[in-house]
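Working notes, structure below.
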Amino acid sequence: MSDSLIDLLLEIGKALIVLVGIVGAGAFMSFIERRLLALWQDRYGPNRVGPFGLLQLAADMIKMFFKEDWIPPFADRRIFVLAPIIAFTAFILAFAVVPITPTWGVADLNVGLLYILAIAGLAVYAVLFAGWSSNNKYSLLGSLRASAQTLSYEVFLGLSLMGIVIQTGSFNLRDIVEAQAGLWNIIPQFLGFITFLFAGVAVTHRHPFDQPEAEQELADGYHIEYAGMKWGLFFVGEYIGIVLISSLIVTLFFGGWHGPWLPPFIWFALKTACFMVFFILLRASLPRPRFDQVMSFGWKVCLPLTLLNMLVTGAVVLMNAQ
């Protein structure tokens, strides 16, 4: 067997391991969320199926798998089926350039940051396709609100990272992590971190920015006509988006795999898990604002903060260069 074929098989195996890990982390997060919400609300969570309720996730998946695969009679069938597939795969593909350890990652692109913003941005098509193809006016209105929120906060998501690009001079995520060996970006890029955190919550439609798909909003949002595994793909995709945003926060602002004593992978996993729990804590503790307040907050608070961060970072870099 030639060396090139061996290298190809190793890369495929590495990609499959990362894929299984991402999907497993996203699915397992739904169980962790239910357990933590129960703990913080002083009630029992899922604790009947398997030890400590660990098999509840498998039971829910089996139940969802055997539900009727229903499609509305006047829906555009092909686009209706395509929407949840896009929602599920967009965030998974973005993981291809996230460096987990100094030697472990699917791809090492010089434009990795731009790749993530471009691929993750495809998720908005899933929202639009789901609302339009359902042939339901409430689903369409919910998708328009969701896409408006997503597109707006994707602007702030990208701008919040420009300070890091100016500071490190690279779009390569591995270079950005290596540049944090002495000082994590959370200190010089605190404004960028705050806006990235808010924008990440809004882009993934998580509480408190989950108005487009909340039960009280417009008949349950853009996926009202979905059931069974198609409905499940939307929500597994949402949890995978949380894992992606958490891993990006760790990679861009908290030193990635850097840390004392423990192996790099353990540090990366622990930091990512902390921010995944933080996302759950937001759901448990914050009220849901109105949709107009969410949009106003983005354009009146997040946008000025990102521009201020870029201005200050550029000035500091120029002063140090002189």
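Each Cβ is built from the backbone N, Cα and C atoms, and glycine gets one as well.
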For the transmembrane segment entry in TrEMBL, name the matching range from 39-57, 153-171.
153-171
Tertiary contacts of the transmembrane segment (79-100), as residues 6+ beyond its ends and Cβ separation under 8 Å:
15, 18-19, 22-23, 71-72, 106-109, 112, 115-116, 119-120, 122-123, 125-127, 129-130, 132-134, 173-174, 177, 225-226, 230-231, 233-234, 236-238, 240-241, 243-244, 247-248, 251, 256-257, 264-265, 268
